[in-house]
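Listed in TrEMBL:
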TRANSMEM  133-157  transmembrane segment
TRANSMEM  163-180  transmembrane segment
TRANSMEM  216-237  transmembrane segment
TRANSMEM  249-268  transmembrane segment
REGION    273-302  region 'Disordered'
TRANSMEM  312-333  transmembrane segment
TRANSMEM  379-400  transmembrane segment
TRANSMEM  406-429  transmembrane segment
TRANSMEM  441-463  transmembrane segment
């Protein structure tokens, strides 16, 4: 009996809907069509091609899909690297920014005996007059504002303009700090780095909802790589004799790499339903000249009511609170205590010790953010507890000076970085696993506030602590 082939009953179905000569609808398997293709008349779709695209689990991946997978993996790794790079460099340069340890524009090397700003010589600590927590606050408060507002309406702005703004702000931060002659101007450059990092993180984490969940691991690894490469490059170039100014200018290629990775390396998100390719492309790659908000699918976060968003957010608190605690403890250490953990009997200068602390911390972050495939941690509360113990130990050492060697502090700081990186990657992976497709884009954007909130609180508390300790005789 001749039958007319209409279409699959679903995008990934193994059954086809057919219409026989008597007008009855029938469901038949793919195999019947392939074995008796002459008995069917195709009415609407090219079925074998669609089946290969929508049911990849039933066959080996196509070479093109493998290529797209690795392009997206590398794309998100580079986006993570470039997005956090300027943020990390500004924190690594914090001591230099506040000490004015900067060569003049016509010098290519650091003065071996730079003239610092006045220190509090009456204190047993070698303190700058302003805590490095001031740089931390300039580097994080704009990010906090962006992340607080993002779940309310940032999704209405297309992705491409957001990425462009992020890249321009990153480049502006390097230029402004490099040519600055005052702490105030330098802090304005740090604010630009914060805008770039905050806007980029919200944008790219939301973008992962259009791709396989594996890209979250690549993104997290890239952000960890930014910490390591950013801190290590600043340490290495300044140790080699390059001035902080020229070191910052040499990093202008990073924002360009961010834009190239997004616009030329990432592939279009795979369609989630018939006709979804155009919708996914509009959502993720809206042309720069367009003023219209991206049209979204019926089940995306733009259609969630305020009540639904509040319900989803409450469900995220079990992930958000531990990550807030982890980041509060580690950045209280980094920007409140690093400057005060000064070993006078070391061959390293105070500025060099600070740079080494930052580099070792970032090395730990990179290692743990890249470890998701090897070690998945579901209970992130344990990481928060361990990080708070690290804070208590190093705070006690600042007060009592009982740790005998800087190398022991190096190990503690490396462990601190491992805990921070593990908390970040596992938190977002757990959220991606536990949320529905409908809520995932909003959940990823909302959870971004965790680390920023913890960092902001640590900076606010680290400033008075610095002033108190530095006025002790």
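Even glycines carry a Cβ here, placed using N, Cα and C.
Counting Cβ pairs under 8 Å to the transmembrane segment (249-268), the top-ranked stretch among 163-180, 216-237, 312-333, 379-400 is 163-180.
The transmembrane segment (312-333) is not in contact with the transmembrane segment (216-237), judged by fewer than 3 CB-CB distances under 8 Å for residue pairs 6 or more apart in sequence.
When each of 163-180, 216-237, 379-400, 406-429, 441-463 is checked for Cβ pairs under 8 Å to the transmembrane segment (133-157), 441-463 comes out on top. Using a Cβ-Cβ cut-off under 8 Å and counting only residues 6 or more beyond its ends in the same chain, the transmembrane segment (379-400) has close neighbours at 319, 322-323, 325-326, 329-330, 332-333, 337, 340-341, 409, 412, 415-416, 419-420, 422-423, 426-427, 430, 469.
Counting Cβ pairs under 8 Å that are 6 or more residues apart, the transmembrane segment (406-429) and the transmembrane segment (441-463) reach 3 or more and are in contact. Sequence-distant contacts of the transmembrane segment (163-180), counting only residues of its own chain at least 6 positions beyond either end whose CB sits under 8 Å from a CB of the stretch, comprise 82-83, 85-86, 89-90, 93, 97, 105, 186, 188-193, 195-197, 199-200, 203, 244-246, 248-249, 251-252, 254-256, 258-259, 262-263, 288.
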